[in-house]
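Engineer: Supplied in structure tokens, the structure appears directly below.
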Amino acid sequence: MDEMILLRRVLLAGFICALLVPSGLSCGPGRGIGTRKRFKKLTPLAYKQFTPNVPEKTLGASGRYEGKITRNSERFKELTPNYNPDIIFKDEENTGADRLMTQRCKDKLNALAISVMNQWPGVKLRVTEGWDEDGHHFEESLHYEGRAVDITTSDRDRSKYGMLARLAAEAGFDWVYFESKAHIHCSVKAENSVAAKSGGCFPGSATVALEQGVRIPVKDLRPGDRVLAADGLGKLVYSDFLLFMDKEETVRKVFYVIETSRERVRLTAAHLLFVGQAHPGNDSGGDFRSVFGSAGFRSMFASSVRAGHRVLTVDREGRGLREATVERVYLEEATGAYAPVTAHGTVVIDRVLASCYAVIEEHSWAHWAFAPLRVGLGILSFFSPQDYSSHSPPAPSQSEGVHWYSEILYRIGTWVLQEDTIHPLGMAAKSS
């Protein structure tokens, strides 16, 4: 008990110090990682284009239809009215139905309203259709669940609708469709969806390489294990496994599968992977540092990775990293969710280099934020070396769920960081 009190005091002091460190400093692997991301130029959606490029009611988008909600149904309490003064609701039925929606839909719509006013001063977001209680849409429409809205701009300038669709996607809607020249259709996942909040994890069956030369499932890691990772210069090293920032043994989650010609890695939408832009014809090895310096690898959410991007994999000899082109990205359900943290902040998982961090797209920021935890665990190991040098089962503090330190960082991050730096599927819902 005394040791845990000491650890928490050290972490608190260290965290305050970490807040004073300039966030722009880079400590990611290689020169290209950890640099501040340039402003992203937004491209309007074309007419009839939808994003992501999968059907609306699939896991990769808004998910399956769960049944119509009526005013008399038990699920009616899932809907909440939206009285945002920056949004115009057409409400042609004069019932207020268009204002009713799920909380997730409301959050994304409110975020979009801000983006619209920033993009076009004097223009507001306009909702033409929200929750439908009258049966005006096709069968199994997500409008019947309050999970979909049809939108325009208040000036009804159709030349803006392509950019409006892009802004909706950036605001976090799970599926956006330039459905009609008269409106944009947007929808979200169900509140209880397995993919609604994914956190940042790997499945329990994902493997890591230990210093002893064996590979084990990530779920079997113990404090004291040294796992294959990469240091700040891009060299492969064996790094101390510290703990799991999230650990759920039986939960089923949706994972993005990033597949190259030889390797495949599974990770949740909000987890960070080191990615380079498409570079045709270069799927060979080479010096890791020169790769970063010339090709611009950076941390990226798994949900943003596309075919043609490049990732870093362990070469055949197991001595270094090579770049490999992503051939396919798809979704897969798997059991277990584990977020291991190493001393270096990186981990080679299924022979692909990944960050240990998630939710915030800047690896270097996350690594600095976790510095107090690394220092605190180091001090604790000095007083109790047996806790961190044996292969005994994890201590009671390593129970299931999200680690308290990670929860604190997430809450602080939502207060001090801009919304577009935090993944909309960031913190996993707590296990029940």
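Here the Cβ of each residue, glycine as well, is placed from N, Cα and C on the backbone.
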Engineer: Pick from Glu93, Glu140, Glu170: which one does Swiss-Prot list with Glu129, Asp132, Asp134 for the same Ca(2+) 2 site?
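Structural biologist: Among the candidates, Swiss-Prot records only Glu93 at this Ca(2+) 2 site.
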Engineer: Tell me which of 35-41, 154-160, 315-321 corresponds to the motif 'Cardin-Weintraub' entry in Swiss-Prot.
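Structural biologist: Feature motif 'Cardin-Weintraub' in Swiss-Prot: residues 35-41.
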Engineer: Other Cβ atoms within 10 Å is the metric here; tell me which of the recorded positions Glu92, Glu129, Asp132, Asp150, Asp246 scores highest.
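Structural biologist: That would be Asp246, with the most Cβ atoms nearby.
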Engineer: Relative to the Cβ position of His143 (Zn(2+) binding site), how many further Cβ atoms are located within 10 Å?
Structural biologist: 24
Engineer: What count of other C-beta atoms do you get within 10 angstroms of the C-beta of His185 (Zn(2+) binding site), across all chains shown?
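Structural biologist: For His185 (Zn(2+) binding site), the 10 Å Cβ neighbour count is 23.
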Engineer: Just checking the recorded positions Glu92, Glu93, Thr128, Asp132, Asp134, Asp246: which sit within 10 A of Asp150 (Zn(2+) binding site), CA to CA?
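Structural biologist: If one measures from the Cα of Asp150 (Zn(2+) binding site), the recorded positions that come within 10 Å are Thr128.
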Engineer: Around Asp134 (Ca(2+) 2 binding site), which residues of its chain at least 6 apart sit with Cβ under 8 Å of its Cβ?
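Structural biologist: Once residues fewer than 6 apart are set aside, Asp134 (Ca(2+) 2 binding site) is near Glu93, Ala97.
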Engineer: On a C-alpha basis, identify the one among Glu92, Asp98, Thr128, Glu129, His143 that is nearest to Asp246 (site 'Involved in cholesterol transfer'); the candidates are the binding-site residues.
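Structural biologist: Checked the binding-site residues Glu92, Asp98, Thr128, Glu129, His143; minimum Cα distance to Asp246 (site 'Involved in cholesterol transfer') goes to His143.
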Engineer: Neighbour count, 10 Å Cβ-Cβ cut-off, for Asp98 (Ca(2+) 1 binding site): what number do you get?
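Structural biologist: A count of 22.
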